[in-house]
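**Student:** Let me begin by handing over the structure; questions about it come next.
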Amino acid sequence: MGLLSILRKLKSTPDQEVRILLLGLDNGGKTTLLKQLASEDISHITPTQGFNIKSVQSQGFKLNVWDIGGQRKIRPYWRNYFENTDVLIYVIDSADRKRFEETGQELAELLDEEKLSGVPVLIFANKQDLLTAAPASEIAEGLNLHTIRDRIWQIQSCSALTGEGIQDGMNWVCKSVNSKKK
Amino acid sequence: MLVYIWQYVYTTFLRYWFKWLIRQATGTCELQRICSGYGPGASRTINTEYSLKSSKSKLLRGAVESSEEHLGQHVQQIMKEKNIKEQTNPRFKESLHTSLLQITGYESLYASVEDVRKEAFCPENTQHEAMLLELWELLMPSVTLESRVTKQWGDIGFQGDDPKTDFRGMGVLGLTNLLFFSEHYTQEARLVLSHANHPKLGYSYAIVGINLTEMAYSLLKSGALKAHFYNTVPGAPKLQHFHQLYCYLAFEFDKFWLAEEPESIMLFNQYRDKFHHVVRTLLENPRVSLTLSAPS
């Protein structure tokens, strides 16, 4: 037996794979969040045409994160990525008050999707680094989150730019996957 | 591993002895051989750059970091140190000077591009606003913009009602490139836009353009554009040359996309990477010259 195969045997069982879908309106900060999760440089980000995908190791999981572009024109394609989703992360630009209604509508439509039924949802109230950002509580109220009964959900304020709040959100993600898989 | 050891031994000892031997045999130094061996272009400048940077002389190494106005002085000093007579080597001075202009020019071009990129698009800046409106007029001459914030921006491929949020990490550089293409290659830009608005094979013209600006920027940053600029600009490359390269990318990407017939816009990043690979391969050729060749 070669050294390599011994080493391979010593390595513990491969991490459990988790499929995470990252959605939200354009300019919400999905790609910045994705790059933060993967500890990559966030200073050269451009609008997402299509999607980005990255795999991140976290707490014994291999998180496969799908970041889908949010522009209105490509929202009809979102549904192509619903299948087998373990957790939905919905990103909101907390400072873009003019589009709260639009983002609320998109979220409501997602929660009505059959393929996403029962999928835990984490809402990131992003861009808290901006002075004009609405607090998470205000957003939760505006979106009527308390009426969600068919799944576990959580709202987390964060700043994808500074990284604040992201780890807390991801801890919730891992916890909800654990409780779901048990 | 062996390769690394060989490279280390070669660059620290052997290279020096080889150079010394050849110098004794031919009576010329490495720089002279480069300048007489190659015509103007990437091969000469890249070899000069390598020779200067790996030199044991502080003067030679310092030459590649000199500013444009001190280059003449630097060339004189190098000729003095290497004991190269102007009378017997009439071409040397000019060749070395041109190569040095290109080498130092590349670094200062990156600095200028970085300055424009770091400038965020700001709706309060009248110049930025004027550029944006001019972009619309050049691309859509027969359609008037109903208001500054409107869904119409989607017709030239911005994401929402207000383009200001689409420039992001590329800042004003993204806008300048889009505008330069429409200004200097108006027909080509409109042709590309018409392809981008194709119902089946279409893509978002402006934000794909911003993504291609990112491609041009990272190629520049990595040094991959050296051969291209050394071949196409006989001096220090300027911002306009960077914009020209963007025009090439925008025009060629459109051709590439149409030829590949992707299933949907969702596959953009996959084809972007494929296109990036094609461009990278072209850039490895020392004779590379990426200039927009429009159909007449």
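A Cβ is built for glycine as well, from the same backbone N, Cα and C atoms used for every other residue.
Under the heading GTP binding site, TrEMBL lists A:Gly24, A:Leu25, A:Asp26, A:Asn27, A:Gly28, A:Gly29, A:Lys30, A:Thr31, A:Gly70, A:Asn126, A:Lys127, A:Gln128, A:Asp129. The Mg(2+) binding site feature in TrEMBL is assigned to A:Thr31, A:Thr48.
Each of the listed features needs to be described in terms of its position in the shown structure.
**Tutor:** In sequence order, A:Pro47, A:Gly69, A:Gly70, A:Gln71, A:Arg72 constitute the residues six or more apart from A:Asp26 (GTP binding site) in its chain with CB-CB distances below 8 Å. Following the DSSP three-state reduction, the secondary structure of A:Asp26 (GTP binding site) is coil.
Its own atom aside, the Cβ of A:Thr48 (Mg(2+) binding site) has 23 Cβ atoms within 10 angstroms in the protein chains shown.
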**Student:** Highest Cβ count within 10 Å among the binding-site residues A:Lys30, A:Lys127: which residue is it?
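**Tutor:** In terms of Cβ crowding, the pick is A:Lys30.
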**Student:** Cβ under 8 Å from chain B: which of the binding-site residues A:Asp26, A:Gly28, A:Thr31, A:Lys127 qualify?
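**Tutor:** Among the binding-site residues A:Asp26, A:Gly28, A:Thr31, A:Lys127, the ones whose Cβ sits under 8 Å from a Cβ of chain B are A:Asp26.
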**Student:** Measure from the Cβ of A:Gly24 (GTP binding site) and count the other Cβ atoms within 10 Å, all protein chains considered.
**Tutor:** 24
**Student:** So if I draw a 10 Å sphere around the Cβ of A:Gly70 (GTP binding site), how many other Cβ atoms end up inside it?
**Tutor:** 26
**Student:** Using the structure shown, find which entry in A:Gly28, A:Thr31, A:Asp129 (the binding-site residues) has the sparsest Cβ neighbourhood within 10 Å.
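**Tutor:** Least crowded of the binding-site residues A:Gly28, A:Thr31, A:Asp129, by Cβ count within 10 Å, is A:Asp129.
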**Student:** Between any two of A:Gly24, A:Leu25, A:Asp26, A:Asn27, A:Gly28, A:Gly29, A:Lys30, A:Thr31, A:Gly70, A:Asn126, A:Lys127, A:Gln128, A:Asp129, the residues recorded as binding GTP, what is the biggest Cα to Cα distance in Å?
**Tutor:** 21
